[in-house]
Ligand code: RUB
């Protein structure tokens, strides 16, 4: 049995959700654009196919696209019969697909660094590295889940935004849902409010789908209802994921996160981001330095291909926004929960994280 086959077996045994896996020399991806109505599996035979799947959001979520960086380079090694140049080119292609989430950049860099010294064993080295990255990311989900669950009390209603869950991560619960899932598995009686997340509706389609699977009670709201819910005492805590945390603790996450954080501050509701040391980007000083992906305006003017605005309407789609560190009550990581001042305290995580590259 290869490393990859052993990993697939482990996922079945532990009842985890694999967002992406290998089968007969091709990559299989759960098409997230089809959820929750069908669990369609698509095949990527080339790195170009995978790049397109990432661009079109068939596979999405910062952790999952980080895994794409690892598995994509292994695929490139396989398809090219171990050509190091083809693997490097694959890395450049994958990095160009989505700019904001830092995991993808880091996993491609880690895989590319492993080319050096691999020699004739490039395919085997790429496979082992890809498995190592996925296993490490999964371990982080369990660890940050345990750390974050300590902040959740019995009886809490927790609001989340977008989908920071299993299929957007490494299979247990991504970031935010790892915290929520762990608290639930610890026997805490919790309720989740999930924001639908216009315009891609990840919260309505995927978070609600996973919460149902995990058996966690939940209520769906539209994004513009969070202020009402907070002001009427319906929300005790907010936990969101993270696509990138800059060195000063500013957070890039799905657009809408910032307005939830502002409302939470006004109502004295703790606002947490769940992340891992891999998603803290010490090379980016502040949120102002993070590139926010701008997506096609048609994704706002149309829903599943159906126009919802007059033809020719101008629209804007920043896919992420930046939440300033002053609005964040704590940054949940696999090393523990980091509190302000973030510029100082995040460095302590960095010192640990330097020991491993992810
Ligand atoms: C990424 C995304 C959200 C998550 C991040 O956006 O899902 O920002 O909250 O969560 P997209 P995590 O849907 O555009 O890929 O930290 O678990 O990835």
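Glycine is no exception: its Cβ is also placed from the backbone N, Cα and C atoms.
Marked as substrate binding site by TrEMBL: 60, 61, 62, 98, 202, 253, 254. Residue 254 (substrate binding site) has a Cβ environment of 26 other Cβ atoms inside 10 Å.
Annotated site 'Transition state stabilizer' per TrEMBL: 162, in sequence order. Its Cβ placed at the centre, residue 162 (site 'Transition state stabilizer') has 29 other Cβ atoms within 10 Å.
Around residue 243 (active site, proton donor), the same-chain residues six or more apart in sequence whose CB sits under 8 Å from its CB are 62, 100, 101, 102, 252, 253, 254, 279, 320, listed in sequence order. Annotation note: residue 243 (active site, proton donor) sits in a coil segment as assigned by DSSP. The active site, proton donor annotation in TrEMBL covers 243.
Apart from the site residues 60, 61, 62, 98, 202, 253, 254, the chain places the Cβ of 65, 101, 162, 163, 164, 168, 241, 243, 319, 320 no farther than 8 Å from the centroid of the site's Cβ atoms, the recorded substrate location. Within 10 Å of the C-beta of residue 98 (substrate binding site) we count 22 further C-beta atoms, all protein chains included. Under the DSSP three-state reduction, residue 254 (substrate binding site) is assigned to strand.
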